[in-house]
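Comments concern the structure below.
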Amino acid sequence: MTLLALGINHKTAPVSLRERVSFSPDKLDQALDSLLAQPMVQGGVVLSTCNRTELYLSVEERDDLQEALIRWLCDYHNLNEDDLRNSLYWHQDNDAVSHLMRVASGLDSLVLGEPQILGQVKKAFADSQKGHMKASELERMFQKSFSVAKRVRTETDIGASAVSVAFAACTLARQIFESLSTVTVLLVGAGETIELVARHLREHKVQKMIIANRTRERAQILADEVGAEVIALSDIDERLREADIIISSTASPLPIIGKGMVERALKSRRNQPMLLVDIAVPRDVEPEVGKLANAYLYSVDDLQSIISHNLAQRKAAAVEAETIVAQEASEFMAWLRAQSASETIRDYRSQAEHVRDELTAKALAALEQGGDAQAIMQDLAWKLTNRLIHAPTKSLQQAARDGDNERLNILRDSLGLE
């Protein structure tokens with residue numbers, strides 16, 4: 001039995017190839033059935049995200065294993081093998097275990113240390129268990145990878161610092177306000193970045209969010225998801241005074257929030273502080289706003305400096321995480337080898353017990369027929385000894401004939417000979 005990890009990701013293949021190799025959720029069961037129908041595959045998990053498609057397999061070793069699996073993948077997706085081969089990576093046993101642990105821990109992600117991948121790996125594993133998981137070794141490898149990912153998160157700072165603009169904006173807000181549950185947040189725009197910001201804020205228990213956008217329909221979809229109120233851009237001047245935090249990211253060529261607008265809002269708020277985070281390029285907030293007392297303005301460049309600093313911290317934490325992964329992968333493979341040895345030990349003991357029971361039964365039958373007890377016991381001891389040492393003796397003789405001193409020494413050690 002061999003453990004394998006093979007696939008492509010954002011580092012080895014462009015999106016034009018990744019999208020052709022991806023497995024859609026509605027066809028995943030069919031793909032797993034097809035994969036497990038391959039004679040060499042004992043168990044399999046398919047991980048398919050926007051940045052990677054990977055197969056994790058428990059397989060029987062054979063000479064054409066790699067070619068057979070590449071051929072299956074290409075046939076399933078109607079791909080030319082040459083198109084895929086140069087982008088495909090292949091990891092076996094310890095390297096496969098280490099790769100999965102790195103993926104689950106966010107060490108192989110586009111954004112170093114991002115936590116979402118662990119949930120995606122867990123879902124891929126759960127999907128495989130719906131009648132598809134047949135290999136206990138593969139199941140144990142995934143369960144171990146989940147605990148390693150948790151250990152990496154607990155023992156290192158790999159996920160402690162923001163490395164995306166959206167996450168950095170939310171982190172900044174959490175640093176300035178003791179609790180986000182009591183603040184009002186105004187989000188300007190409804191694009192991808194604002195969507196991420198809104199979801200982060202919801203996770204941190206923000207109770208009141210207002211979304212201002214040029215088109216109400218797009219904003220309403222996001223508002224329904226996060227429980228926010230939708231207003232028009234033209235309503236910002238009137239509603240700005242309610243906001244403790246303003247995060248803006250639109251494609252407007254001109255500023256949406258001016259100095260005068262913020263001055264009026266601060267006056268209505270009796271100069272309670274406001275945090276303004278302008279993620280847009282060109283800027284949505286006039287730079288002069290930053291000169292106002294109690295208005296704390298951060299631009300996308302300010303966030304980038306935070307992100308650069310945090311990324312350096314994550315890279316340092318990744319070194320610690322890699323050490324954890326290497327240690328855990330080594331220990332898992334030692335456990336796997338022990339499991340393989342235990343099966344051999346069980347077979348050996350079963351064989352010896354069978355010989356013992358067979359010869360003991362014959363000896364007892366002879367005693368019941370009135371045979372000489374001493375002679376019967378001596379015969380039992382002689383036959384039992386010969387039967388038990390027969391196979392090791394043949395192995396020693398063969399090693400001697402072959403001049404294989406290394407094997408001779410291994411056999412001597414196994415038999416406890418000094």
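Heads up, the Cβ atoms here are built off N, Cα and C, so glycines get one too.
The substrate binding site annotation in Swiss-Prot covers T49, C50, N51, R52, S109, E114, P115, Q116, Q120. Look at Swiss-Prot and you will find C50 tagged as active site, nucleophile. According to Swiss-Prot, the feature site 'Important for activity' maps to H99, an assignment based on sequence analysis. Sequence annotations record features per position, and here Swiss-Prot assigns NADP(+) binding site to G189, A190, G191, E192, T193, I194.
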Sparsest Cβ surroundings (other CB atoms within 10 Å) among the recorded positions C50, A190, I194: C50
Message: Give me the count of other Cβ atoms within 10 A of the Cβ belonging to P115 (substrate binding site).
response: 14
Task: Inside 10 Å of the Cβ of G189 (NADP(+) binding site), count up the other Cβ atoms and send me the figure.
output: 27
For I194 (NADP(+) binding site), the three-state class that DSSP assigns: helix
Message: I need the least crowded one of these binding-site residues (S109, Q120), counting other C-beta atoms within 10 angstroms of each C-beta.
response: Q120
- line: Integer Å value for the Cα distance linking the residue listed as 'active site, nucleophile' with T193 (NADP(+) binding site) is 17
Field: For N51 (substrate binding site), nearby residues of its own chain (Cβ under 8 Å, 6 or more apart in sequence)
entry: N9, H10, R18, S109, L110
Task: List the same-chain residues at least 6 positions away in sequence whose Cβ sits under 8 Å from the Cβ of H99 (site 'Important for activity'), in sequence order, or say none.
output: A5, H91, D108
